[in-house]
Amino acid sequence: MATLAITGGRLLRPDGTISRADVLIDQDEGTILELDDDLDGTGETTIDASNALVTPGFVNGHSHVAMTLLRGHADDKPLDTWLQEDIWPAEDELTPEDIRVGAELGLLEMIKSGTTAFADMYFEVPEIAAAVDTAGLRARLGHGVVTVAADEAAAREDAQTSIDVARELDGAADGRISTAFMPHSLTTVGEEYLDEFVPKAREIGVPIHYHANETTDEVAPIVEERGVRPLAYAAEKGMLEPEDFVAHGVHVDESEIELLAEAGTGVIHCPGSNMKLASGMAPVQRLLDAGVTVGLGTDGAASNNDLSLLDEARDAAMVGKLETGDASAVPAEAVAEFLTHGTADAIGLDTGRLEPGAAADIAVIDLDAPHLTPPHDFVSHLAYAVAAADVKHTICDGQVLMRDREVQTLDERAVCDRASERAAALVDRAAE
Ligand SMILES: CSC[C@H]1O[C@@H](n2cnc3c(O)ncnc32)[C@H](O)[C@@H]1O
Ligand SMILES: [Zn+2]
């Protein structure tokens, strides 16, 4: 059995406390064998974590990882204009190879900021799965369905692709890939397709993930046409189950918060994207008070503009206070949960907790930095002060994906160069 020991660190425990312990990992099984005071010398290989914080690898609950190619392509616009005028025309020009390279770039960024698991909605999902396989992360992947602008045959084919991808890729990359059925949103997918394909998702036993209540423009037509709020409509369509999770949930009213809490459906909060697109502020503290499982997501790099969940954590804590006018709202402890098992639970991945038997998905954060001094409270540092560049080692499924900031599974220089070339050609094609 190959073993790895992480020694001398301070550990973020599942109950949110931090205390010293070494970690022994079974690299063949990809699990934590033991947490103890002195495991020095017991691992075949060792990572020295003295003056470091050892946390579960961070979990990104909503991304479009290949959108890194569109980072900086269209800034400072609201959601609808941004999608219609800039993003969708550019995405029409994407090739499978573009998506592979864009995904590799996004995965590099995730590894370098301590993320080990994520949920992703996009096209050409086999390309993204191949990148995940190579990079070594854990993911829940799905093909995003949009039927609004398509004829009936194309719309049905798109929805069927989402079901096929969910069935065929579940368990890929040695079990690190899980899947979901992913209709883009309640306004971009026609009711007839939800009626036909939601039962298919249930048959194959995968969760359903979609954008919901992101902007007021998205809520109003549903209320006008159907006389119910969007999440009541989602419940009618069978899309509000405990395994399901929605992205954004910005404009939810009290009745919808209650529905989410009763159903056990997760909400992935994306504060960076919501601020940049001026979509609004999600009522995160009210969701938490009602007992809703809240996770954290970056959304894509074109609306964020980076994929570091640490930035998202700080944004969540800050915007939570701004939204309520209450400085005690969305405290550091809640944010530490969002970064780890909170989001893992929302997207149904078994990760995010450092305990014997758990997945060995770990981020080691160097605390030896002026902005992390003095060492009053490491949970506070995690929520408010740790930056992506402080992540020193990233481990997923027991494998070291980054050691001393050197990514082991992808060639950083080559991926960045290829991504820049492909992005330039893509933007030229879209402008023609
Ligand atoms: C059909 S694949 C996913 C689809 O979603 C688009 N997208 C990116 N960010 C957002 C957002 O904040 N709200 C809604 N849709 C978004 C992405 O460009 C893809 O087309
Ligand atoms: Zn999104």
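Each Cβ is built from the backbone N, Cα and C atoms, and glycine gets one as well.
What you see is a predicted model, and the numbers here were worked out from it, not measured in a lab.
Binding of Zn(2+) is annotated in TrEMBL for His62, His64, His211; the matching candidate from Asp299, Asp306, Asp311 at the same site is Asp299.
Checked against ligand 1, the binding-site residues His62, His64, Glu91 give His64, Glu91 in sequence order as having a Cβ less than 6 Å away from one of its atoms. Of all the binding-site residues listed here (His62, His64, His184, His211), it is His184 whose C-beta has the fewest other C-beta atoms within 10 angstroms.
Counted over all residue pairs in Glu91, His184, Glu214, Asp299, the record's binders of substrate, the longest Cα to Cα distance measures 21 angstrom. Here the Cβ of Glu91 (substrate binding site) has 21 other Cβ atoms within 10 Å, regardless of which shown protein chain they belong to. According to its DSSP assignment, Glu91 (substrate binding site) is helical. Taking all protein chains in view, 26 other C-beta atoms sit within 10 angstroms of the C-beta of Glu214 (substrate binding site).
With a 10 A radius on its CB, Asp299 (Zn(2+) binding site) counts 27 other CB atoms from all the protein chains.
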